[in-house]
Amino acid sequence: MSSPTVLASPAPATGPATPPPAAPRAARRTWRRALRRDWQLYSLAILPLLFFLIFRYLPMIGNVIAFRRFQPGGSIFGEYWVGLRYFKMFLTDPTFWNVFTNTLVLGGLTLLFCFPLPIVLALLLNEVRARRLKRFVQSVSYLPHFLSIVIVAAIVMQLLSMDGTVNQFVRAVGGEETAFLQRPEWFRTIYVSSEVWQTVGWGTILYLAALTTIDDDLYEAARIDGANRWRQTWHVTLPGIRPTMVTLLILNIGTFMAVGFEKILLLYNPLTYPTADVISTYLFRVGFTSSNFSYAAAIGLFEAVIGLVLVLSANLIARRTVGTSLW
Amino acid sequence: MVTVEAVERATEVEPRPRRRPGIRQTRGYRVFQVVNAIILTLVVVVTLYPFVNIVARSMSHEAYIIAGQVNLVPRGFTLDTYQLVMSDPLFWTNYRNTVFYTVTATLISIVMTTCYAYVLSKKHLKGRSALVGIAVFTMFFSGGLIPNYVLVTSLGLKNSVWAIALPNAINVFNLLVMKAFFESLPVELEEAAAVDGLNTYGILLRIVLPLSKAIVATMVLFYAVAFWNSWFAAFLYMDRQELWPVTIYLRNLIAGATGAENIGAIAEADEVQAEATLKSVTIVLTTLPILLVYPFVQRYFVRGIMLGAVKG
């Protein structure tokens, strides 16, 4: 959820992308013509393409080390084939199944709270008649989005420390002070609420934009039909922002598997591993603490493939059921 | 879907008042307005409280902090720890690194993103959809942490600004926002410039970019904030403390990796005082620049993200 998300529809096809296979020579000729006409444009794409090839696609190929024996300092593509050894290793690794469950639970909880709450807040903001108040609330609620995750983690730690605000409150109501960050049963609450704190305001932006596009006549018609405010919201407002909701839901599902890696890395500790450790943090330790790069790469590849499958299926389901999709 | 007009309307300083024909101010609705105001006030309070609390802690005397009595206002006001942190040469070295990394990486990113977005915005270009696909696919599938680390290490980028700047040079979201903007520019201008004998580079530099100041500024902000806030790349690739950005300085403080002994002057200062307030002070000093520029740039961010939402 930390990186901004995109709603633009990618890659509208521009004419036939592939020439008819029967005429390879004609194809070469049109390419030559395109190159002669647009070589300056293509030249602008060279550096960016190199970037994508080296820093995006090469690492994808680099995942072959998940199937090979890798030695630090050796070839970046590993030494020799070991087949599915590393995949079998994690499928029989009890820690892996624990972190897998944690990933699903944390991802699910994040989705459950961080997806609908911005919608609720946007609807509430939309009902505010006083312009200034509305803008003020908006500006304040965006603010946490701009903080570094390190700062957010540091603030969380301060608030939850033994002498921090939360424990002061616990003492005030007669409870016993707790080292919340050392307790596995508290980690999910801490993680999700800090995530809500940081993302809910920024998440309203797109909904607020969508809300302004709803035709006033629809409200008028609903009112004539005897709909009260609540029914107007239910029958006019919500359907009006449905495309935005679906698009953002798909994108949220796309980041499901990668749940807050950096934040968990900053907030967790061995005491909270039972609930805090997720696939990405586990593979980080396997890779950098135990220096088992091939095993860690296998876990990472597994995670990336599940993430891709999730976003593709969410997109497919959305297109079939509500007719909105990313592409 | 969201349209350009909606973006304009939602980001206007004084949007024209929306006509909601015939809202009857029923009693239920008035009650709702009151409840709504209370909820939104709570949102503001909950959002701002942590900041106020950290500032209060950072300026309080250790006795009040340890007793758990610091909430909204500093108690036993003192700025000793501020002096301590600000007299630590490492803190300033790391701050300088953050500025240097942010400027370098943002420059590279903005040039790369502008070039590629401009190419992608040309609808007639042969192979354009493939060029778009190459970028978009990386949003949903990535090589992962380990292969990236192996790559950066074997390219010899460790302990240099390139390890931070190059692997994150293009953010595909930003790329698509810029592409959408370039596509919305009138074609006639560029055609006229071409007739006047300007080549592609000339058109981009002299015609397109001057028209795109707003979007370029937004992109600079997006990238600069991301690089300013980033810590993980430096955490992975910077081995020496004089190369760290300030986020790592803070991270090590909260992780207890180096703790207070990092600060040379601590022996002379009041150690208990430092122990109690060091983290809060460092949080305040690292957050301050963002808080200071936030009110002025916030609107551009909102505009940027909404432009990205314009479909098609």
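Cβ atoms are placed via backbone N, Cα and C, with glycine included.
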TrEMBL annotation of transmembrane segment - which of the ranges B:131-150, B:231-250 it falls on: B:131-150
Stretch carrying transmembrane segment according to TrEMBL (options B:154-171, B:280-297): B:280-297
Leading stretch by Cβ pairs under 8 Å, where the reference is the transmembrane segment (B:131-150) and the options are B:28-52, B:99-119, B:203-228, B:280-297: B:99-119
Close approaches to the transmembrane segment (B:99-119) from elsewhere in its chain (Cβ under 8 angstroms; 6 or more beyond its ends): 125, 128, 131, 135, 161, 164-166, 168-171, 174-176, 178-179, 181-182, 204, 208-209, 216, 219-220, 223-224, 227-228, 234, 245
